[in-house]
Structures are given as C-alpha cells and as structure tokens.
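Undergrad: Structure in structure tokens, see below.
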Amino acid sequence: MVSFNKAARTLAGIAAAALIVPLAACGGNGGTAAPADIPAEGTDDGTEITLWTRSPLERQAQAVVDAYNASHENQVKLEIIPNDDMEGRVGGASQTDSLPDILAGDVVRIPYWASEGIFADITEQIDGLDNLDDLQQGHIEAGTVDGAKYTLPFITDVSVWVWNKDLYEQAGLDPEQGPTDIESFTEQAKAVAALGQDGVAGSYLAGQSGGALAFDLFPSAWADGEAVMNEDGTEAMLDNDSMKAVLDSYRELANTDNGLGAGSKEETGATWTAPFANGVIGVMPYPNTSLNDIFDAEASGGFEVGVTPIAGTSGGTSTFLGGDAMGISKDSEHVAQAWNFLHWLMQSDTQAEVFAANGYTASNIETLQTAYEDADPRIQTINSTIIDGNGQTPKSAAFNEAFNAAGSPWQLLIQNYVWGSGDSLEADNQAVTDILAQ
Amino acid sequence: MTSVSKHPAKTRSRERADATRRGLLYALPDWVMIVALFFVPIVLLIVMACSRWSLMGGNRGWNFPDNFIEVFNHPLLGQSIVFTLEYTVIVTIFLLVLGLGLALMVQESSRWNNVLRTCFLLPSATGLASASLLFYALYSPQVGPVTKILSFFGLMDEGGSVLATGQSALWATIIVIVWRFSGYYMLLMMIGLQSIPGDLYEAARMDGAGTWRIFRSITLPLMKPTIVMCLVYCVTGSILAFDQFFILTKGGPNNATMTVVQLIYNFAFDSKKDLGMAAALSLVVLVALMIINSIQMRGMRDNTK
C-alpha cells in the first residue's frame, strides 16, 4: 500500500518537478542594468563577449563574428540557437541571470523581450551614433519601449518572390519574367504545376509555421497599402481585400494538382526553404538570407533562380523587414565591450566589408545604395526592397502568441482558408484580435 | 515512526529515545529526498501559480486567482482535456489487454517463450524520447518507409504524412506507445501470474473446468491487484503524456493532439510565456491525478480485504 501511494505521489510530482527544477535557483528580477560610462566607440580590451542568434541566420552571423574577431582584441563567441528553442532558452537564461552579453533575436519577438526588461537601455549610445538615420529603422523601432531604445539591426532578412528559371522554361514561361502581381503569381505557379513532373509543384507554403506565413503573405497586403494590424498592434485586420486575394490564390493552388508542394499543409517551418532549394518548386516568397546558398549552388551548376519584389493585386511592391535585431542583455558584465561590437557593426565601412562584399544584405541604407554597384543584379533587387521604404516590420507585444506560436490563431486562419472550408475568415481574424488585444 | 510511550521506566525511556533517534536517522535520507524533491517543488509551484510570473520578467508579485481564471478561460483547455482522456482510455485498454495477453502467451518457460519474452521486452530498453524519434523518422514522408507502404496500398496520398491529420497522428502516437510499453506491462502481468499457486489450477482442472472458465474464475480474480497496479501506472503515465507528442507532433496539426501537459509547456515556453499560468495548470493536473489515483486505490483495497 505504502509503496503504491509513494509511486503515485512521485508520478504526480513529475509534472510539477519538471517545471520547477530548472527554476529552483532563480530569483527573478525585472530591472535593467543602467550602463555605466561607456566610451562612444566602446572598449576593445581583449574581453570575451558572448552572442546568441538563431539558426536560420548562421551564415551571415558567422561572417560578422569572424570579421570582428580578426580585427579586434575582444573576441566574440557566437552561439547558434535553433529557431524553435530561442524563446525557451532566452526565458530560462533570463530567470537565472545568465543571458549572453549580446542577444540577437527575431525582430518580431523583440518588442516583447524589450518590454519584459531583457535588454539594457542604450538610448544614449544609439542616439550618439553619427549615422543613426542611415540604419534600418524597423529594427530600432521594434526595440523601443516608452522612448527608451534597446536594439540595433544585426542581420536583415527580407522576403522576395523567387522563381526557378529552369522549371519556367520547361513550362513554356518566359524564364526572365517573374510574377508582377498576385494574378500572374498564381498563373505562373499553375503553369509549373501543369508540368505534372514527379515531386515538382507550382509553389510552396509553410502551412504550420505562423512566422514564415507572416513573412510570406503580409507584404502583398502592404504592397496594396493595406495593413495587417492597427498601429498599436492590438487589432488584426487580416480580412482586407488584398489578404483575401492572396489567400484565394493559395486556395486555388491547394486545389490544383501539384499546385502546392507535398507537405505544405504540415510544414512547421523547420525545412520550409528546402523544397525550393532542391529545385522542385516553381515560384514562392523566400527569405533573402537563404538565397546565398542557392546562388552558390547555381555557380556550381545548380538551377537558375530569378528574384523580384513581392507585389499585391495592383502591382505595388513591399517586403517583410525581418531578420535579427540585437541588444545588450540585462545580465551583461561587459557592456562597454559589447557596445564596441554594436558600434563597429553599424559603421558603413563595416557593413560594406562584411555584408556587401559577401553578397549579404546590409542594414545600413547608405551602404545598400553605394556598396553594391558590382553586385549580382538580383542582390540589387533585394536591396531595392529595403531602400524604397515600402517594407514594414509588424510590431506588437503579443505578436508571438498571435502569429508565431505553434497552433496560433493566424496559423488556424491560414489552414481554414487555404485547405479548409474557406468561410471562417472573419471569425478567425477576430480570434487573432482577441490575442492581440489582451 | 515509533512514538515514545507515556510512562516508561527511566532506563527504558532512554533506550526508547535512542531507538527513536536511530529510527529517525535511518529515515532521514528518505525524508531529505521527499522534502527536496517533492515538498519544496510543490510549495514553489503553489507560489508560482499564485503570482504574476512571466518567463522573461520573473516574479512580479501575487495575483491570485488571475492565473487560474486565465487557465480556465483558455480555449484550448477543454479540447486538451478531452484529447488527453481519449488518449488515456485508448492506450490503457491496449496496454492492459496486450500486456495480459502476451503474459499468458509466454507464461510457460520454454526456449521459444524465452526468445519471445526478450523480443517483447526489448523495446522497453529504449528511452521514450529515442523511441519517438525512431518513429518520427519512420513516419517521415522524406526518409521513412511508412508513407511509401501505405500509399502503395492506396491508403494515403503519395508524399503525405501519417502525422498530418489529428486522428492519424493520434493513432501513430498510440502505436509508438504500445510498441514501447506492452513488453513492460507483460513483465508486470507475468509476475502477477506466477504468484498464483499452481494447485488452484490443478484443482479446477480436476473439477472439469475449461480454459475459459479457469481464466475467468481463477486467473482474473487473483490478478486483480496486479491489474489495478498496472491501471494506476498506465492511467497516470498517459495523463502526463508529453515526450511522445512533443517529438512527434508538437501538439499539432493545428492543436489537434494537444495534451494537458503539452498545454502546460505551451503556456510556459511558447504562446503565453507565462510560468504562473503553467504552474496553475500543473496544480490543477496534480489535484486531478490525486483524485483519480485515490479512486483507483480504493478499487484495489476492496480486493485485498
């Protein structure tokens, strides 16, 4: 009898223990460290600085860190966190006061992090930058809470339409002419679908990755001048005509044989860029940071890829100004050294050296305008989406819960519209609002 | 623990006191474990459940009963409870019936039975997470054979995944659990079977009872304590199901396989990033489990009178 009671008790305790054990040593505090006197350019005295960023941006982050370490006494130790684990890791580290010196995170998660006091206030330092106006503002605004600035752009990741020129040629399309609006996007995808080749599909959608869905679909609405949320980020406006047109396009493709690649409906985002990279998708919205690998593959005999800005129904264009913004964490004991890294990366010389020279997209507008004259015209196309100022970064403290989290109401909205009955858009939009408004 | 009697002789009382102290000392390691691993976490859990405690921001003071209200108002709670119970009932039936059936099959010790026993028990040697990962690979439309086999027989679309719909994901997970645990329950049932005296069977056979009659009138009643024990283990384990779903489905597709413990994880680390809400739901689950277990224990006690 006794042993059973104990067993049951122990088992029952597992749920509780699992949650508690990692926190046993915690003493939560929400205050942010006020940076002491920091030289304008920070301190370079051979300190080791830790930096976290997420896995999709590994290639670019590694290039930045290598360039810094080669030219400075400070050494940055880069740690790559899987995209899905980022939130949990940051939360755990925050509770145990063990955040890295510099924390870079998905720009849509930054407003929440900043409002929870994850970062140190570096308003004075940011305002002291000579070229502040040249920097990509979306990443700075994301980390601005009540006038206090916490973040600067680390790596810019924008969405563009890409198409597979080899498949276009086989489908009888002009391989040099990508889509110019939603209608031509749908037509071209259907033409590739009609090839009927094994495994080849017109387009692809990460059906269960709210983050990728926002990244892919929001720009079309913005291109038409529509909004996806109100200005405060407390109300969803996803039932506008442009968004409907986009969703109708994908619904049509989902109902077409080979319209959307196998696994689209179940894709959780871990491998959403792989099918296009494998050359089996005709046309889709794509992150520019993943294009560098495809350009490399193309140079060594892979398929040719075309790049054009994402358009809406009327031919206007826009992009999702995504990627990682970075700030100095509340737990950093090397604030001056960390600021040295941030300050260095913001300089246009640095941006030209680590981003432009490698074919990556800079987050300094001046660099984008001047340092890419010899670059691949497709990279210039990508840069133009940032320079033209049409791009946006959605900002809401509840963005993660409403859009990014697994099973989020935004994910359900897409699932219902594209693969489901298609008649619950208004109710699903309201469900997103319910989360945003809380 | 023994208590000191009221009017002892002096020397005796000292002896008793010594014995008590010794007894307490012997029990001490056990108590340290219980306090450190059970009471302290429970107290922390209760504090957390009654506080505004976010993942990033830490403890920001009392807010009872806000966390509980938010938990009970959450749209996924009802759905996850229903799903967890559905999963628990199916898994428990499969595991208990299979466990008993396998145990009856390999009860007699012979060379073939020994081989069979080992085969049945072998999956229990893998961790649940490893087993889930193994099946994740088997179910994957890219690398696994399951999709190819099923689509060859026309049972599913080419390139589809068995984890794509709620129902098929549920059954795919049940297969993992049955594969992983049926050997373990077979072992527990076998121990129960071997404790039934052989002469009872002999007597029944001499009275002319058939196989079915023997099973119903001797095996089943005498197996009741074992079966109830397995039931407690199985129900508790299934209600706390997490690893398999976390690895195979992450609660998807579209929250269709969200168990209660997954929801706790979701509250804490994904959608809400609110440890207070997660702790509140943990507490609710803990209380529910205590009630369910005490009912099951009562079933066992009646039998052992």
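Cβ from N, Cα, C; glycine included.
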Undergrad: Given B:159-181, B:182-204, which one carries TrEMBL's transmembrane segment label?
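TA: Going through B:159-181, B:182-204 one by one, TrEMBL gives transmembrane segment for B:159-181.
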Undergrad: Taking contact to mean 3 or more CB pairs closer than 8 A (sequence separation of 6 or more), are the transmembrane segment (B:87-106) and the transmembrane segment (B:275-295) in contact?
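TA: By the criterion, they do not touch.
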Undergrad: If I count Cβ-Cβ pairs under 8 A between the transmembrane segment (B:118-139) and each of B:31-55, B:159-181, B:226-248, B:275-295, which range comes out on top?
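TA: The listed stretch sharing the most Cβ pairs with the transmembrane segment (B:118-139) is B:159-181.
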Undergrad: Using a Cβ cut-off under 8 Å, which residues of the same chain at least 6 positions beyond either end of the transmembrane segment (B:31-55) come close to it?
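TA: Tertiary neighbours of the transmembrane segment (B:31-55) are 61-68, 268-269, 273-276, 279-280, 282-283, 286.
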Undergrad: Restricting to the same chain and to residues at least six past its boundaries, which positions have a Cβ under 8 Å from a Cβ of the transmembrane segment (B:226-248)?
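TA: Distal contacts: 84, 87-88, 91-92, 95-96, 99-100, 128-129, 131-133, 135-136, 139, 163, 169, 172-173, 176-177, 181, 185, 188-189, 191-192, 257-262, 265, 285, 288-289, 292-293, 296-297, 299-300, 303.
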Undergrad: Taking residues 6+ outside the transmembrane segment (B:275-295), which of them lie with a CB under 8 Å of any CB in it?
TA: 42, 45-46, 48-55, 63, 66-68, 70-71, 74, 77, 232, 235-236, 239-240, 260-261, 263-265, 267-268
